[in-house]
Each structure stands twice: as structure tokens, then as C-alpha cells.
Amino acid sequence: MKHLKGLLLPALLALASSAAAKDPLVETTPFKNELVNLMYFDDSGVALVQELDNGKIFRSHDAGKGWKEIKDVQGLGIIKSPYDNKVALILGEKKHWITYDQGENWDSFETKLPPSPQGPVGWHAQDNKKILLNEIENCFTAPCLGKTYYTTDGFKTDPKTLVDDRRMCQWAKASERFLQGVDKHDDRILCITRGKYSDRSKDFRLLMSDNFFKETEEPVMSSGRTVQGMANMAAVKGYIVAAAKAEHSSELALYVTQDTDSWHHARFGDHKIEEDAYTILESTNYSIQVDVMTSKYVTMGNLYTSNSNGTYFTKNVEHTNRNDAGYVDFEKIANIQGVVLVNTVDNYKEVEKSGQSKKLKSRISFDDGRSFEKLTVKGKDGELHLHSVTNLHNSGRVFSSPAPGIVMGVGNTGDYLGKYTDGDLYVSDDAGLTWELALEEAHKYEFGDQGSVLVAVFDEGDTDEIRYSFKHGRKDTWQKIKLDYKIRARELTTLPDSTSLKFMIYGSRKKDGGGREHVIVHLDFSDMLKKCGDSDFDDEWSVRKDADGDPSCVMGHKQLFRRRKWDAECSVGELFKDPVPKFKPCDCDKFRDYECDFNFTPTGEGKDKKCEPSESFSLPKGACEGDAKSYKGSSGWRKIPGNQCKGETERDKQVERECKDAERPRPKTDKITSEITKFKGSNFMEQYYLERNTQSDGTDNDRGKDETVVMLTDERTAYITHDHGKKWKKAVDDEIVRIYPHQYENNNVYFLTASKKVYYSKDRGLHDSINSFEAPVMPNTEMLPIMQFHPKQKDWIIWLGGKNCEKLGNKDCHTVAYVSQKNGEDSSWESLVPYVKKCAFVWREAGRSVKEEQVFCEQHTNEEKNAPLELISSDDWFKKKDVKFKSVVEFATMSEFIIVATKAEDNTLHLDASLDAHTFAEAKFPPKFFDIHQTAYTVLDSSTHAVFLHVTVNPQRDQEYGSIIKSNSNGTSYVMSLAAVNRNTEGYVDFEKMQGLEGVAVANVIVNVDEVNKGAKKKKQSRITHNDGADWEPLQAPEKDSDDKPYDCDIADKKKCGLHIHGYTERADPREMYSSPTAVGLMLAVGNVGPELTTFGEANTFMTTDAGITWKEVKKGTYAWEFGDQGSVIVIVRRGEDTDHVYYSVDSGAKWDLYQFADHKMRVDAITTVPSDTSLNFLLWGKDSRELFAVNLDFSGLPEFQKECKLDENDPTKGDYDLWSPQHPLQQDEPECLFGHVAQYHRKKRDVKCRNGQRIDQMHDIARNCSCTRRDFECAYNYERDSSGDCVLVPGLSLPDPAKVCSNKNVKEYYSNTRFRKIPLSTCQGGTEYDKTGDVHPCPGFEEDFKKNHGVGGFTLFLAIVLPFAAAAGVGYWVWRNWDGKFGRIRLGEPGGGSAFDSDAPWVRWPIAAVSGLVAVGAALPLVVGSVWRWVVGRMGGRGGGGGGYSGLGGSGFGRAYTSRSSFARGRGEYSVVDPDEGELLGDEESDEDV
């Protein structure tokens, strides 16, 4: 294994001879600058080296004896082909060179950008002319994506573009053993690229192509589905491994293939694989070896080895030593099968608990890591310990070379490994079985001529000696070479195959006049040794011998080498010829050749070793069903992968096992099941879903199947369930006052006590994973957020506590913010700033290039408790701070924007926005509009590349209403969308976006505005838009009710007889949503048919399956609802009265069946399921008499869900799915054209019986773009819609000068003012372009260009992104995930005041946040700046988790006292933005925000 990182990318030298000179030849070549990239072309004496400072390249044709500069070439680096010893690349900034003759000749080619630093070249293992070249990635809008080029002629012609937006690419045949000898997939390339319609890392896809990405295929994994969130891939011997990461989880799913056609999900039993916490090691030809970190803060791991197809991994070595770079002290002895050297941490318990320094021990295995033994020194009792990969001091392998059985290392004897400089050089010539001291002090070392000569140079300082041995390095056989100067050796190297007698030392020596000079010393032993004869060889040297002196069996065979005898002073002289072993098979031995099978754990040692079923053991299919008392299963053993022993033993055979020793499977049922659990208490305070990593294929029998919920009652008892509420247990045995799920890491949850003690789990509470840490101070008692989390560094936590607050009323009590970079563990807290209201991490994945350490805080001026707030910033944990704003009311960060609300001297509120956390600009709004309406405004949504802003027109109590205005695509100009929209006293608005579909929204308007202005009661009607607010229409009432009776009004007249539904302002539980992001086109609502909306008590329940075009009444009365299995099942339960049953539908609401879950009626407050709506389990939450209860409803047993649905993206209607396209109800021509394109979504066929299972990507494709029509346009800035639907100038306004766009030097022409502008979401092309109906004119200076070319001009989105002021009014994209203050002070529905442990905690994440500006005396008028529906789905547990739709910058006292705390979840939903250009200012498919 070549350990190159951080070292000099070396390689090495050649040539040999035989003669008998007294001393070796020594030649010294000086260089002017420091050298890097010293490397050999394999099997030759040709070497290259590079000067670091100037990039000059030098070539030697005689193994480093002489060097010549390669003319006209200056590079950044040299990369040699690992598969062809004549090919290398020199990479420059934009000009590059390639050689096919070991550097004698170089041909140049160019790229537009410099090469990627992440791995610039992809080599084809079988065709040296096929090369991939990766350009540097664009990280400006993170995550980093770049362009890849390809050549099939070795860059004789210019390289061609492969893909523009890849994370990484490689050839399928990127390693020699992959598809070796198989004549297929020669041109196949695999790339991890951006998602179909998103460049967020959670949407990254793995694509394959056989024709250079003219056509692509997305491979299906073992689940039969494609997998998004691809993070990495690597070629390992005969395997390709790809890693996928689910959103809000650092846990990875590894997929393995041996042909790229079929992929398997790699299973690690009880252990999880996490991002940046695993290393794929130098694997064998028949298995993959992976070292997995066991702790985030302690660099230790466990070594796992796979079975032969790379699917099942078993643990071989525990507590392996690692370093921060991911390197592991693990090396296979070269050329000898089965011998492995590792270093393990002996005091692992102390290291994990208290952070003690690691005490390392070295161990060796002769059976590929299945068993280990100590390293012993001849004639000594003590153990030997050697420095390994984590402490590299030379290039190439650490211990060995292809020289058979010759191993060297620097270390010491004793209990543990000491410092490198306290070590000595040891040697073994029996592959590490026994060792002896070679030289005192630490030395660099190298092997030559198949071990005939060993060379060493002092490595603790300058030296004028070089040591060598012709007798296997045994003590007292080392000779000296005396130099005329002292050298500090930096690298000692020879040919990679160690067959040469020539060596090179690169180092530095003192220069006359001061300073140091860099030199390469060439050593040649060729003339010192005669050629060996037959008598000088041991023809059957073996790795180790048994007690009888016969070669012992390793991996099922005896491995025999022809090796020079240790005391024969002669040269093997087989230059460039690697030693080849002979193999003799052995009979299988049940102890030696077997290991524990998957899901079996080893106990005992040696012949007492047993393999017991592990906790995650599962019965074979069909076992122990009915009355069966036993079953046949694995013996617990398997033959070690790659073991070539002959015959069988008893361990190959299945054994009879008793069913009583195994957990019986739950009896299968074809019915719905329910389980009721009762709890003491009066109220459920909190419930959260800890949803599993959804990248798992769902077939795991250990991790991944759980559906974990944590819950807290008002008795301060926290409970946890891993099976969606069938079995509950106490989470911790202590009083808990709050639960904090980690906002960005689904596996992490925190249980807060009233003291400094915090319990936590980083594994969803599984496997006894709940631990505790001590917070620096008690939680604050000011209703401020206590914990904040970092979106990327999952263990970085901000803690907002109270100092001097132990006694009530202490005047010195104040808040202090602390930060931990170790998840609160190991006393890792550092103080940030005191007297703060809120702190938040600023870094986000997309669009903000700031340091990960950057933090914003609101701090009281001069650290005075009652002083106004300042917004301060720091990127060094407040060693220095920068004051951004004075008089701050609130701030929030979103994926692209940071929004700050400040109070001006006249008590008005101002908003400022920033893209980069450095430059802020004030949000500007239409002047005349705000001359009329100066009360309050609410940012409703910005998920469709435009901000929806509600401006209050009438602020009088119980008379509130206002207008919704909508921005253009950069958020800087607003037009009227809908007037007289209902608002409540708290500032929340009846407006809701439909989940999973673009541009569909529902709002309630006031139809008796004049009367309301005089104090009358509001009369409300519902409106719906299908083109993002450009047109609004009444909801079409169904023809008949659920009793098949007609309504008593004329439904043809929608304004007098429409469907009206209750909105956000009236919900008892505001987390309920009309829709689900995974049940595309489906909505449920409660309301009535008639001229206006009546009371809640008079309402019935309605449903639509076509995104609100048509509706039907499904039940009389008001019901709560939840979607399961992505809409396969819909469950509804009576709201507001006692009940003992639910109704459910498995055909999208066509038919409803009753299921009775209890033998008496109970009051149900809420129904919830997992945030992604992918489960077939639900929970009912409620109260029965004086007890709380939770009811699990499990629909998975129904016959309808016994098979998994089949989805083929290449032929989507062939299986169990249809393609469905939403339509516009008012569009006669091409009604399926919405926003200028036909979008196609997967929807399960109504009559098929199958379960969706793993979450599918709802959006299939954009089938085509459409011609532009009137529906693709809305009124332009300064225009508004009149009663006829036409766009007219706002009264009192004059038209702006259209020629102002010419101030942009890139604009060559402009259009006269028009009344229309294109809807930001629309992608229409051609047709009638209403925004260009004005005359076109040239800009000054471009008249000639104008005559030649009448191309369209105008504002480009790119400018909107790079000019900070353009973000000014991009106030939105508020999702609960999009707030920094996720847990508080951005008040999401709690009363003002109370303690941090109040039952209406501030981190109860309603997706609305009201900014109280204290604008008027005696009344706080809200600036509700926040919302969005993309979250709402993230919804705290099912659709009920998401809330009606706003996030707000939280001030005083807007909110409601909700008694129900049902269905908090931690996911968040997704709003599907289909415009492939994700660069707009208002957020991409989903933002990472916290509230």
C-alpha cells in the first residue's frame, strides 16, 4: 500500500549487475530548490523529480546518477500511470504534458481551468490512451462541482468535455482486477453528479455511461431503486465501492459492485459507517477491508473484512490506531499472502473516557487478520512495537517490499511503542515471525535485489554515513559508506519492485555561506556482488514452519518462494522480475481456515473459540413459524474469504438450532394491528421522530428498520420507542425537562435536565447508546434557545446558559454562550460571549463562502442587561468581534441569505439581507404601496424563486386582513398578487403552499372588506392558484356530498357556491398540512360548500387528487389526517370528539374502510407518522380519562402491501407507477403546461397492490418546455391587476425609465415599458412573450450591434447573485430548517414570557416566526419574516409536523398556547423546484435553516 498523502509522491529506481568492487558507487547531484515528486517508472532506471519553487522537471535515465531538465515544461505536479510504466502526466495550471516513452518526449494539451486538487486524473487500467482529467471545482456556491474531460487517444486531439457538474468520475476499469479478462464495459465511466434538478449534496446521483455521457444510466442498488445522496466512490481491487449519505445524517450506506451491473448494500452488523470516519484499506483480491472509527474524538477504529462479494463485513481487529488524516496502522506484508502488521490501542477505555495518551502495541497476523500475536525479538523476552503508517518517515511501504519475507521497522521493545527518535531499526527475514536488532537509532531503510542488499540511513539528524547489509540485515553484518559531507535524509528509495542494486537518497546539506542545499545521492552496489548460483538459493522457503519443520498452511495453502540464502553474498540479478511464489493446497482445518459468519460474534480464543449469534442475528426466512421447535441454520462459521484449502469440515454444514434460543418473528397477519400504551400525566409535552438514514435499502436486519420516537410527558419522564410506538421504555432514568433533537443529524438527540447534566444519544437511542455530558452552566431561564447546532460539523454545539442564576432574583444572573467542538464531551466547552439573546452558526452548504467557525450573536450593548441589542460576528470564537448592526430586533440565517431586522429611530422596522455574511443591503419595497400601508408585513414564502409578502391593510383586532405581494426572481421588486387576504391577531395568514408541487397555493380572502372596515365580522372565501400567484380562482365545489346528495347552491357559479376550507389561522394544531411532499397532488382539508366559509363545527372533510382542480367530500364532520407509504394509505381520525376508530383508504380516497383500534371511545388529539411519510405505521396521541395514551396503528400486514412496488426510471409506466402531470384549470390549450413546461411525477397506480417502501424521487422528468402564453406572465412592477384581469398602472405612479438598464455595461439593448413580466418559475420558450411586447431599442454605443443582432437582453441572474444589494429583498425562503434560532426567540407559537422549560417551548418549531418590532406604543406589530412550505413537510412528524407555514423573527407575545404537542419530527420536507438553474436568490430545493 503506497502511503502518499503528505509525503512526496515518490517512486523509484532500477538496474543491477554482478561483480566485486570494494565499495558502492556514490554520485551526488545538487539542486537549487527543494524537491518533490521523486518517482521511478516501474521496471526501468528512468526517474523524474520536480523543483517545488519553480515547477521545473528533471529526468534521469540511469537511476538517479545523472539528471537533465526537461525543457519548456513547468508543472504543478507529476502523476504517473499506475498501469503503464511508460506513461506519465505533468499537470500545469492550464497547459499540461503527457509522455508515452518514460519522459523522453512530451506532448502538450490545454484545459480552460487548472486541474482539480482532489484527484485530477482518472486512469483506465487496460487502455493507456483512455484518460479522464478533472478541472478544479467551483466551490463558490458549494457543494463543489467541476468539469471532467476525457481523451481516447492520449490527448493527441483536444480533450472533450465529459460532464460539467460532477463531484467525481472514474472509469469502470479503474483497477487491474476489476472485470479482469472480461470483454465488456471498456468505455464505461461512472460519475457522481449533481441531482436532476438540484445541486444539493443530498441529491447527488451516481450515473454511468458507455458513450461518454451522451446517454446515461442511473444504476439500481440492491433495493431495486436508484439511490440519491452519493458522496464518494473508489475502486478497490476487483470491487467498486460507492457511499451514499442521507440528508440530516452523517451515516453512510456503502454499496459494492463487482461488475457495475449489480450492486449490493454492504452490511456491518451493529456498527454504522459515518462520513469521514472510515478508511478502505489495502484489500485482498477476494475481500474488502475497512477500518471504521469507533469514536468521533478518539482516533481508533475497528477493522472489518468482507466476504467474497463485498456484502457482509465481520470485525477482525478492535481498537486499531488511526490518525486525523484517516490513515490506519495497518500493512500487509508485500508479496506474501495473509501476513498483516497492525498497531492497536491498549488503553482504549481510558482514552475514550478521559482522553489519555494512547498506548500502542504492535501485533502480527499470519491469517489475514483473523488472529494476531505479539512481535518477538530473538533472545529477548519483551515485546517489539513498531512505528507504522500513521507516523511515516519514508515513501512507499512501511515495513516490507516484494523481497520475500524481508521486513524492517523502527521501534522499541517494552510494554508500549515509544517515540520515534527513541526507536531502533529492527529486521526480520521470516516475514515478521521473529525479529532482531539491526541498527541502533532510527533509520530510513530500503530493500534491493530481492533482499540481497538492505540500505539504511540515520533519520534523527545530519549524518555522513550510509549503512548497508548483504546478509538480510542481521546484526553485525552492516557496513558503512562514508560521505564527504553530512546529509539530512528526507527520502531513501529504489525501484518499486526492489529488484535493483541502485538506490537514491534525497536530502539536504549545509551550504558554504549558510543555508542548505538539496541533493540527490545515487548509490550503486552492482559491482560489489557476484551473480548467485543454484546452491545459493533455498528453493522452498516458506512463510513459517510448523512444529515438524514443514511449511505451515496460510490461507489454505503452503506458500513457497525461491529465495537467496541469508549468508550467500551474491546478487540475485533478476532485474525487474518480481519473485513468484508456488502454492500447495492444504486440507481444510476447522480452526485455522474458518472465521465467524455474519451476525455471529466470536467468544474465546484458539481452539476454545466459539461463534455465538449476535444481537442483530435474524432467523432465516420461514424459520420457527407456527409450532416449529427448531430450524436449520448456519453453523456460525464460514470459510475465510480467499482461503484455498481443499475438502470440507463440519463447519461447512448447517446445524440444527432451537427456536427457543431465537426471538420468534411476530405472527404474520393480513390485518391492521394496534397497540395501546398508557402513560401517567396530563399532557404530552414533546414528541420527536428520529428518522433513520433513508439511503439504506431497507433490507438490513440490524440497523435501519427502526422507527424511533422520543416523547416527554408533563411528569418530566422521557420515553423512547424504536418500533413506532409498539413498545415504549424510559429513555433515561432521570427527570427530563426538554428534548432537543439535532437539527442536522437525525441520529442525535439530547435530553436536558434542570441541572447541568445532559443525556444524549448519537445512535437514535439504539444499543444502549445514551450517555451524558456536563454543560458549562445551567440552561438559561429567559425563554431563549439553549442549544444550536452546526449544519456540517455535527459535534459543534452552542449552549446558551444562565450564569449566576442558581438563586431566583439574582441581579447578576445573565446569559452566556459557550461552544463545544466535541459534542459537549471531555470538558470541551469554551466561553463565547456574555449577555446574549441568541447565537448561531453562519455556515451553510450552498451559496455562502464563510469559515465554518463563523458565528453571529445578538448581544446587549456594552454587556448591559437592558441595553439594546447589537449583531456581532466572529470567526475565531470571539477572540475578535465585529459589530454588524445596532438596535437589532432579530436575525435569522437561511441557506443563501442572512436577514437582520433592526429598529430605526422613528420606531419603524428595517430589513437588511446579505449573501455572504459580510456585506448587507437594505430591502427596498414599492414606494407608493408602503405610503398607504404602514402597519405590519409577513414574509410568507420564497420557495419558488419569488418572495410572497403579506402586507397588513387593516390591523384592528379581529378585523385583520391585508394584501399579498410577490417579488421578481431577485426579490427586489414587488407586484400585487392577491388582495384582502385573511390574517389573525398574531400576524399569521391564511396562505399555504402545496407540498411536492411547484406553484400551487391556497389562501382565504375577505369578501366584505368595506363592512369589515366598519367593524363587521369577516366573511371569508377560499382561493387557489396554479401559477404561483399570478392568477387566483375560487375552489371548485364537488357536485355531490359524501351521501351522494347535491348541494343546495349552484356549483357552476364558483363565487357564490364554491368550496371554502379552513386555513392556518384556525387550526387547533398548526402543524397540520393540507398536503404531503411524497403524496404528489393529494390534499385533504376541512370546510364547506356555499357562498362563504362557515364555522369549524359545521365543516366536513374534503380531498383532492389533482392538486386542487377537483374536490370531493370524503366524510361528514372534521377529521385529522395523515399520509403513509408516500400516499399509498391515508388514515383519518375524528377531530374534537371521543372515538374508537379510524378510517383508511388504500386507493387515494376512492373508498374508505373503518378500523376499530379500541374497545371504548377515547379523545384523540393528533395523528402522526415519520416525517418522510414513508411508513405504514401511525401513532394516535390522546387522553383517556386521566391517562395519556399513544396508539400504534400498523398497516404493513395488509395484503395490499406485501410486495414492493417496481419502478423503472427508464420505462416508468411499465411497472406499478404512472406518470402524472399537474394541470392549470383555466388553461384550455395545453393545460398540462405549468410554468412553461410539462412536469412528470411518479404516482402509484391506483389499483396495484404494493408498497412504495424506500422513498422514491417523485419528480421523474421535465418532459418538455412549452410555448409562452398569458399564463406564464404576471403584472410587471408598478402595475396591478384590475377587475377585468388586465394589468394597469398603479394609480399615482409614473413609469420608470426603461433605459436605466443600460447602466449595466453588458446590456446592449432594452425594451419599452410593458405591463407584464415573466413568472420566475416559468421556463417557457417562444410563443407570445408578453414581457417583450414593447419596442426594443439599442443602448447608447451599441447601435451597430443592435442592427446586426436583435437578441434578447436584460437582467441576468448571474448579476443578481454576485451583487450583494440584489439579495436585499430576498427576505425569504423561511423554513424551520432555515432559521438559526431553531430553538427559540424566533417564536414559533409560544406565549411571550415564561421560563425556558415552559410547556410551550420556543423550539416547538411552527413554521411561522413573528418579528415583534415594538413598532407602536402598547401594541407590538409583527414583522413576520419567515415561512415556507418547503419545510413544512419536514413537519414535525408526519404532515402534522410541519405547520402551516411561516417562520418568524420572533418578538414578544405573538403566538398561541397550544396544549397539544403531537408529532414533532425532525425531518423537513422538500419543495420540488424543477428549474435546473438553482442559482436564484431565493433558495434552492431546500434550505438548511434552523429555528
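Every residue gets a Cβ built from N, Cα and C, even glycine.
These figures come from a predicted structure and were not determined experimentally.
Residue ranges 176-203, 596-623, 1240-1267, 1464-1491 are listed, and Swiss-Prot annotates 1464-1491 among them as region 'Disordered'. Long-range neighbours of the repeat 'BNR 1' (97-107) within the same chain, counting only residues 6 or more positions beyond its ends whose Cβ lies under 8 Å from a Cβ of the stretch, are 41, 44, 46, 48, 59, 70, 73, 75, 85-90, 128, 131, 154-156. The average pLDDT computed for the topological domain 'Cytoplasmic' (1376-1405) is 25. According to DSSP, the repeat 'BNR 1' (97-107) comprises 0 helix, 4 strand, 7 coil. With helix defined as DSSP H, G or I and strand as E or B, the region 'Disordered' (1018-1047) counts 0 helix, 11 strand, 19 coil. Note on the repeat 'BNR 2' (364-374): DSSP counts are 0 helix, 4 strand, 7 coil.
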